[in-house]
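Swiss-Prot has this to say about the protein:
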type: REGION; residues: 11-102; note: region 'DIX-like oligomerization domain'
type: REGION; residues: 146-211; note: region 'Disordered'
type: COMPBIAS; residues: 149-168; note: compositional bias 'Low complexity'
type: COMPBIAS; residues: 178-195; note: compositional bias 'Polar residues'
type: COMPBIAS; residues: 202-211; note: compositional bias 'Low complexity'
type: COMPBIAS; residues: 330-347; note: compositional bias 'Polar residues'
type: REGION; residues: 330-372; note: region 'Disordered'
Amino acid sequence: MESNGGGGEVRRVNLVYFLSRSGHVDHPHLLRVHHLSRNGVFLRDVKKWLADARGDAMPDAFSWSCKRRYKNGYVWQDLLDDDLITPISDNEYVLKGSEILLSSPKEDYPNVEKKAWVTRNGGIDAEEKLQKLKLTSEKIQKESPVFCSQRSTATTSTVTEESTTNEEGFVLKKQDPKTVSGQRDGSTENGSGNDVESGRPSVSSTTSSSSYIKNKSYSSVRASHVLRNLMKCGGLDTNDAVLVPLNKSRSGAFGPAWEDERRYQYHQQHNARKSFEGAWSGIKMKETIEFCKPKVAPSKPSMAPLCSQCGKLFKPEKMHSHMKLCRGMKNSSANNDLMTSNNTVKPRQQRCRNIPGNPLGHQRVLTTTLKE
């Protein structure tokens with residue numbers, strides 16, 4: 001302990017505190033400070049020390065309580081800023097900080113109701129969206145037959161026009177022979193101009209008589225076409241005059257020639273492919289045969305001697321047999337025989353001379369050996 005000039009005591013305080021977050025208690029922390037106070041330690045002092053050590057926002061994020069004796073055990077006493085903390089021992093304090101929830105259960109209840117209301121509205125919105133989708137689909141279905149009917153009416157109008165032209169031609173062909181004869185008489189009498197004028201009333205009379213038939217045929221044809229277009233939705237109508245079959249190009253003048261050329265090219269390509277495959281297979285077969293052959297080690301250069309007579313190689317252990325069979329040896333032996341025969345001593349007669357002291361007086365022949 002140390003004394004101060006003011007009479008207070010400076011004590012070293014050991015502060016042990018626990019932090020509890022969402023029901024989980026952390027490992028205890030130890031904080032040692034020097035405290036000068038006559039009245040003890042308050043919670044505001046502890047918060048000041050924790051703010052200096054852990055940050056300004058840390059102490060206010062927890063609710064604090066101290067550990068103290070109670071009867072035969074210990075309890076946690078909740079504290080406020082002005083409460084005095086009772087030590088567990090002489091200069092040791094044990095505190096626990098519980099994390100403060102941001103929202104209380106009372107505040108959560110309206111949020112839950114709001115979420116329920118939102119989910120209900122969301123469900124209502126989903127139902128409204130489904131209804132809107134149904135309405136749009138119905139509108140599309142209603143509009144699409146109108147489009148098809150418009151298209152079908154256009155097609156039926158073209159069909160009816162064609163039918164009218166065909167029927168008019170047919171009616172003109174089926175005129176009465178009397179009217180035709182009258183027209184011919186008029187043409188002979190009045191010329192070409194009067195012929196046209198005489199023909200007009202006949203055409204008008206025939207058309208007026210067949211108007212009922214035309215209307216009836218128009219109505220039947222139109223009804224049949226409308227029904228068919230409604231069944232097809234007007235999207236599958238095609239103009240057969242525009243369609244050109246693909247076989248016409250082949251049936252033309254150049255069709256057979258083109259087919260023959262194509263077949264010839266195909267056969268050429270096929271034969272070339274076959275020849276290439278055959279050559280390639282032959283090369284592969286040769287390579288495989290050469291690969292499968294046993295590889296002979298390169299022979300070492302023989303050290304056998306050469307015969308000086310015939311120039312052939314012979315083994316040293318077979319020298320005698322080679323000498324017997326060698327032609328050069330035989331030839332050399334024959335030459336040696338000739339040489340020996342030529343080098344033999346031949347008696348050579350010389351001129352006789354009289355040897356003095358020979359009473360017989362006959363001549364003595366001196367023989368000398370000469371070597372060639």
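Using N, Cα and C of the backbone, Cβ positions are placed for all residues, glycine too.
Summarised as a single figure, the pLDDT of the region 'DIX-like oligomerization domain' (11-102) averages 85. Counting residues of the region 'DIX-like oligomerization domain' (11-102) by DSSP class, helix then strand then coil, yields 16 helix, 46 strand, 30 coil.
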